[in-house]
Amino acid sequence: MVSAMRSRTLSKDDVNYKMHFRMINEQQVEDITIDFFYKPHTITLLTFTTVSLMYFAFTRENTSQEDNIWKGILSVIFFFLIISVLAFPNGPFTRPHPAIWRMVFGLSVLYFLFLVFLLFLNVEQVKAVMYWLDPNLRYATRESDVMEYAVNCHVITWERILSHFDIFAFGHFWGWAMKALLIRSYGLCWTISITWEMTELFFMHLLPNFAECWWDQVILDILLCNGGGILLGMVVCRFLEMRTYHWASFKDIHTTTGKIKRAVLQFTPASWIYVRWFDPKSSFQRVAGVYLFMIIWQLTELNTFFLKHIFVFQASHPLSWCRILFIGIITAPTVRQYYAYLTDTQCKRVGTQCWVFGAIAFLEATVCIKFGQDLFSKTHLLYVFLWLFSVAVITFLCLYGMVWYADYCGQREKTFSECEDSTYNTDIPWHHIDKPVEAPVKQNEGTSRRKNRHKGKVTNGVGKK
């Protein structure tokens, strides 16, 4: 009996582990400004969804088979998202509302299940699904069939250079700005950028559109588009790191302008921490973890090009850019959870969103290999091994350079994320809000304090009045 009671008693390490994992898998809202948006409304939601389903089920026309299937699929997605809000974890983020990130996780689970479903179809059935979604895809052609790449690279003119600044160059720039906001490291961003250009060289024999002139690859892609996006993203990161996060409640704001500003700022991060992927005290496991991060990142990028090449749709088609947008959204909590798993010694397993993202990346690759056997039969295994080896070497050099920079180029002022090589601490909240300690107000100083209250520092654009 005593042994059974002991087995049910959690040790201090188990309690700390559960708390650390909950911080990255189900972050709680600590500063609730409007109680209505954070109170459970399960009975109301159940009543609304049930009545709505009954109404549409008995009142809509059901003569069209295609319309019935489409409306049924949308209803399944809608109710799955409702269940996601009720049952799934928040993830590491709480802004603008935890329910949004629960639905994001729900959409990632749906996409994961859809990829599993695709594995049990044949090529004709997959194309039938695509043609049902968009009949115009029957007449789609591959970009590599109508365009030439890496032709007359010795001809360098201003007109030719300016012709490359199209919508895709704009997408490269803003895409790398968002990647920098997610990764928050110059070293890793530049490493991924250079590694991707090498990835294009190693897989150029499979995808002809990877062939580029040297000046297009080095100057336009790496230096201008990627480099400019990285610089912009990191400047925003540094700005967010230096801000003071002291959120005012709606109840304490008495002006209309202040309430509007506070409502808009609800869509900004609740806090921002300085990220350090590697330091001199890191172990070999950290190096292997960063290498795995690089491989999955490159694999996700490769899936984008292989999917549109194998299933034949243009880069401008909604199937392409909607997937890119969706992957970008679920990457945010994934990187946050993976960084915590990699750097926090008390976090012993990855978060659920990170797990699903990894499964999606490998499932997409599996789908590409199954339905693109004719394409992958031309693969040179030597190039694949050289690619893996090159990524390993570049990753090691990147991490070594980051350690050298930390040792010889000056240490940054220690922040919460650097202390004890841990992202989290049991004694300090995750968001690390520094609130000034207010001295007790004397009786004869009350009037002067109230007069000078409006002259204090305004944080996050909202002042208390």
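Heads up, the Cβ atoms here are built off N, Cα and C, so glycines get one too.
As written in Swiss-Prot, here are the features:
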- 449-465: compositional bias 'Basic residues' (COMPBIAS)
- 1-35: topological domain 'Cytoplasmic' (TOPO_DOM)
- 57-68: topological domain 'Lumenal' (TOPO_DOM)
- 90-102: topological domain 'Cytoplasmic' (TOPO_DOM)
- 124-186: topological domain 'Lumenal' (TOPO_DOM)
- 208-216: topological domain 'Cytoplasmic' (TOPO_DOM)
- 238-286: topological domain 'Lumenal' (TOPO_DOM)
- 308-319: topological domain 'Cytoplasmic' (TOPO_DOM)
- 343-355: topological domain 'Lumenal' (TOPO_DOM)
- 377-383: topological domain 'Cytoplasmic' (TOPO_DOM)
- 405-465: topological domain 'Lumenal' (TOPO_DOM)
- 36-56: transmembrane segment (TRANSMEM)
- 69-89: transmembrane segment (TRANSMEM)
- 103-123: transmembrane segment (TRANSMEM)
- 187-207: transmembrane segment (TRANSMEM)
- 217-237: transmembrane segment (TRANSMEM)
- 287-307: transmembrane segment (TRANSMEM)
- 320-342: transmembrane segment (TRANSMEM)
- 356-376: transmembrane segment (TRANSMEM)
- 384-404: transmembrane segment (TRANSMEM)
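Among the recorded stretches 69-89, 103-123, 187-207, 320-342, 356-376, the one sharing the largest number of Cβ pairs closer than 8 Å with the transmembrane segment (287-307) is 356-376.
Counting only same-chain residues 6+ beyond the ends of the transmembrane segment (187-207), those with a CB under 8 A from a CB of the stretch are 144, 176, 179-180, 217-218, 221-222, 226-227, 230, 233-234, 277, 290, 294, 297-298, 301-302, 305-306, 309, 375-376, 378-380, 383-384, 386-387, 390-391, 394-395, 398-399, 401-402, 405. Each of 69-89, 103-123, 217-237, 384-404 was scored by its Cβ pairs under 8 Å to the transmembrane segment (356-376), and the highest score goes to 103-123. Counted over residue pairs 6 or more apart, the CB atoms of the transmembrane segment (103-123) and the transmembrane segment (320-342) come under 8 Å in at least three pairs, which marks the two as touching. Long-range contacts of the topological domain 'Cytoplasmic' (308-319) within the same chain, counting only residues at least 6 positions beyond its ends with a Cβ under 8 Å from a Cβ of the stretch, are 126-127, 130, 133-134, 137, 140-144, 167-168, 207, 368, 371-372, 375. Listed as Cβ neighbours of the topological domain 'Lumenal' (57-68) (distance under 8 Å, sequence separation of 6 or more from its ends, same chain) are residues 132.
Same-chain residues lying 6+ beyond the ends of the topological domain 'Cytoplasmic' (208-216) with a Cβ under 8 Å from its Cβ atoms: 143-144, 147, 149-150, 153, 156, 161, 164, 200-201, 305. For the topological domain 'Cytoplasmic' (1-35), the mean pLDDT of the prediction comes to 55.
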